[in-house]
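Encoded as structure tokens, the structure appears first; notes follow it.
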Amino acid sequence: MGRETERLVFALNGERYDISGWDPSMTLLEFIRTQTRFRGPKLGCGEGGCGACVVLLSRYDPIKDQVTDFSASSCLTLLGSINHCSVTTTEGLGNTKDGYHAIQQRIAGFHASQCGFCTPGMCMSLFSSLVNADKDTTRPVPPSGFSKITAFEAERAISGNLCRCTGYRPLVDACKSFASDVDLEDLGLNTFWQRGDKGERATKLPNYSIGGMCTFPEFLKSEIKLSVNISNGNRPQTIENGWFRPNSIKEYYELVELNSFNPNNVKIVAGNTSSGIYKDQDLYDRFIDLRGIPELSMIRRNSDGVEIGSAVTISKAIEVLREGKAPTLVFNKIADHMNKVASSFVRNIASVGGNLILAQRGRFESDICTILLAASSIVCIQVGSKRSTYSLEEFLEMPPCDHRSLLLSIFIPSWASSSNVLFETYRAAPRPWGNAVSYTNCAFLAKTSTDQETGDVTLEIVQLAFGAYGTEHAIRVRKLEEFLKGKIVTGPILLEATRLLKEIIVPTDGTAHAKYRVSLAIGFMFKFLSPLAKSLAQPRKCMPTEYNNVKSYMDSVDSHNIPISSRQDIVFNSEFRPVGEPIKKSGAELQASGEAVYVDDIPAPKDCLYGAFIYSSKPLAHVKGITFKPSLASKKVATVISAKDIPKGGQNVGAGWIFGSEPLFADSLAEWAGQPLGLVIAETQRFANMAAKQAVVEYAMDNLEPPILSIEDAIERKSFVEIPAFLYPKQVGNISTGMAEADHTIQSAEVKLGSQYHFYMEPVTALAIPDEDNCITVYASSQWPEGTQSAIAKCLGIPFHNVRVITRRLGGGFGGKAFRSLPVFVSCALAAYKLRRPVRIYLDRQTDMIMVGGRHPTKAYYSVGFKSDGKITALHLDLRINAGIAGDVGPLFPRAIIGAMNKYNWGNLSFDLKVCKTNNTSKSAMRAPGDVQGSFIAEAIIEHVASVLSLPTNAVRRRNFHDHESLRVFFGESAGEASTYTLPSLFDRLALTPSYEDRVKMIKNFNSVSKWRKRGISCVPITYEVSTRPTPGRVSVLNDGSIVVEVGGGIEMGQGLWTKAIQMTAFCLNSEGVVG
């Protein structure tokens, strides 16, 4: 029978850990962050999708005496799966005490860290790529200080890691600085050298040495070797003990056939990456790890193809498919496509079989399933003692597999014995290099024959697979295949194939972007088959002479294959030195080494409790009551905090602004979906999150009107937020006169923008600690500590001075942590105040996205008059803004949007502005609030005018820039002096630069050659109104001469506030030695 894993022995940053009695559902990330002193890996999404939690996992094979190193997502990796592994976090690379690693120093020196929350994960992804490249003995020895990694590989090293504030140019520069084939001249702004510096630049980089760090300690190797020689025994165990790792299929079935086996409480895992896609709805207290079964990890290759065990990781499968002296076309295409699935740190632990099981059981948009389906793959399944083989198509049509159905292996035919075989795979996704689920994926295989006289191509075998378009699972389109089989590819045949495919590819009701997904499927099929039709040969005009054919040229300009190339130059004025100088960001190395302390990095105080929200799933409903499902998670509930727990004298206020306030908890009426109803309190954050999912809310709709959900609903029901007169923007001129002067007009055109989630890397988090004398201290990831203090004090009914709010730094904010985060901080403070115990809240990503409203959806109708030369004479705008349920900063937005639009001289400008109140989560400030909407609307108008007149868009833009006179009309005193208005000259310089003109030329060439795909380029001017807000600050010179700078009213969230304060202090004190 499967042995129970009683003790875990592993290494973490070279230190030995020997633990027993652990919770089998605990992830490696949770263990590191709650049971050790290391805080480098961060919880960003909990789905393996952001890379903030990446660590290096190392396994040792005592038979081969070989260490395997790979990056892994620690938020998905279960603690029980790392027995006899070595784990390295960014603290293990380097730190303040032992010195920083070259990776950490170069990321800091290339200005590649802003908020820093993602930086530890970036470091570990890059380190994993360097370690594995340097192990490859077939690669040439690189120059001193460099790795064997290539520049192209270095660019891809962090392709699965998300960054929301730094931007990837400096990150890629830091990565490429290790590449053996890098041209250091191509790297961007850094602190190691300045442009024009002479001498050997490589010597100025922090030194990197191959093999300079041991990833697997010798003591653990010795223990593993010893354990191999000791018989562990196979004494019978019950499944009630937690974590099991059967050593054979027989042992697996013995476990699942026990009377105590309950599929609701037992989870069968290999890599556990499915929990990032389908969130667990309850706690599991028993796990069966399939990776101990040798047969599930086997790999067999023969002349017909390769058989891969179901527990083989996706990364290993890619490696196997690319092995051999001459990998087949089919294998290469499958491997290339698999390399775009998820990210490296997920592929390294996710199994191929697990991916297929997810696709078979539920509506998982699996790319792997689709491409294997087109290749005629076969699966082997065991049910009890019976083994059977099925085509993958048959497997997908079977009833969902349960715990008695064990997927053993997948056989992939090589098609090597077949000549004239074509095989292509396609996917369309928000991001091309993984970390994004496909909108549609396809794979096509065809065996062809060509008539030597006519050149006609006949399809002998056709296999077309489609998935992710809104279907239960990937399918073969048999009807279309039968139609195409034996036919010569011609234009009419493709037209009929398109008609048939439209009938077959029908997304289910509720599928997002349904028409787009269908069009993608048709486009991919056409792209595959059209080159086989003589009548549809692509044009060759304007193709550069050095290319032999269209395909070779198209491949050369494919945006996925072009090396990343860009640079940034700073013209520095030494008059105010060091203010404005591009120095290294203060604390950048601390962020890279994982030592920078964010709110959730603060060690939990004794007796700390954790909170998770129960929120309304209805936009407008009476709340009758809240109960909990009978489950393991429900047993973890300590209490629930709600509106009735607000102290006497306190107010049910979660957030307050000058335009109104918002309740902390719904009392009896929920007014929007996402409104907090209560706060579940439990002993851990995981228990609290899971317990909140067990809540059952009873709603009633008695005597309620339908909710207002859209701008159209709000207009129909006249539901608006008042715009104060002093915030209403100024109209310019006379619209009737301007329209009369126009040669052409466009009437009542529409432009609209949806919402956008803030997506800061660090979710909203808080830690509230009750203090003496009716006081409370709250550590909050807040952009607005003073507003946080005010809201907490009002809710608790205590003086402001009894509330202390501390924010050291944020892991990104973008406006989402200014106003919409206040209810989280207030709820945390209320729970701590009520229970007299520390309480911590760390929002899971889904709750964060639901409760924090995002950008304001906007709709505009415009009528514009203009001359034949493109000069605009008049614009009337009907602007509608969806503010959500509360005012928040909505009344400020009309002014901000019109202000952003006024980068152009509209001649005469009038508008009608409405801020709509709807039963949605309140929208709020978000990264360039109002400017994004205003600039988008303005550019839509300009491009519409250019299109009507058939003029170059840049010419119309340039024609409608302000002169200083019109600037004063639109902006008043803010216009400044004429000499300070530089937008026209800046725009001209950019549009006339050789790099821009070269890109325009390249795009024209591409569009002339590419029949179906087109490219474009645009120059977009942007103006921002600059305003200042006086805030207190204090500079203290201490007895030893060191300096302390306290910055009031500002939060360090990646923008370099501390760095700027250091520079200004140094300038004012005439001391360049100030370092912070």
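Positions of Cβ are set from backbone N, Cα and C atoms, glycine also.
Positions annotated as [2Fe-2S] cluster 2 binding site by TrEMBL: Cys115, Cys118, Cys163, Cys165. Residues annotated as Mo-molybdopterin binding site in TrEMBL: Gln783, Phe814, Arg927. Residues or ranges marked as substrate binding site by TrEMBL: Arg895. The annotation domain '2Fe-2S ferredoxin-type' is assigned in TrEMBL to 6-93. For 231-417, the entry in TrEMBL reads domain 'FAD-binding PCMH-type'.
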**Request:** Could you tell me how many residues in the domain '2Fe-2S ferredoxin-type' (6-93) are helical, how many are strand and how many are coil under DSSP?
**Result:** 16 helix, 34 strand, 38 coil
**Asked** In Å, rounded, how far does the Cα of Cys115 ([2Fe-2S] cluster 2 binding site) sit from the Cα of Arg927 (Mo-molybdopterin binding site)?
**Response** 14
**Message:** Centre the Cβ atoms of Gln783, Phe814, Arg927, go out 8 Å, and tell me which other residues of that chain have a Cβ in range of the Mo-molybdopterin site.
**Reply:** His758, Tyr760, Gly812, Gly813, Gly815, Gly816, Lys817, Ala818, Ala925, Met926, Met1053
**Integer average pLDDT (0 to 100) for the domain 'FAD-binding PCMH-type' (231-417)** = 91
**Prompt:** Distance between Arg927 (Mo-molybdopterin binding site) and Cys163 ([2Fe-2S] cluster 2 binding site) at the Cα atoms, whole Å?
**Reply:** 15
**Asked** Going by C-alpha positions, which of the binding-site residues (Gln783, Phe814, Arg895) is nearest Cys165 ([2Fe-2S] cluster 2 binding site)?
**Response** Phe814
**Fill in**
The sparsest Cβ environment within 10 Å, among the binding-site residues Cys115, Cys165, is found at Cys165
**Item:** Other same-chain residues whose Cβ falls within 8 Å of the Cβ centroid of Cys115, Cys118, Cys163, Cys165, the recorded [2Fe-2S] cluster 2 site, in sequence order
**Value:** Ser113, Gln114, Gly116, Phe117, Thr119, Leu162, Arg164, Thr166, Met761, Gly811, Gly812, Gly1054
**Asked** Which residues in the same chain, at least 6 apart in sequence, have a Cβ under 8 Å from the Cβ of Gln783 (Mo-molybdopterin binding site)?
**Response** Leu810, Gly813, Gly815, Lys817, Ala818, Ser821, Ile1051, Met1053
**Prompt:** In the structure shown, with every protein chain counted, which of the binding-site residues Cys118, Cys163 has the densest set of Cβ atoms within 10 angstroms of its Cβ?
**Reply:** Cys118
**Request:** Determine, using Cα-Cα distances only, which of these binding-site residues is closest to Phe814 (Mo-molybdopterin binding site): Cys118, Cys163, Arg895.
**Result:** Cys163
**Request:** Looking only at C-alpha atoms, tell me how far Arg895 (substrate binding site) is from Cys163 ([2Fe-2S] cluster 2 binding site), rounded to the nearest Å.
**Result:** 31
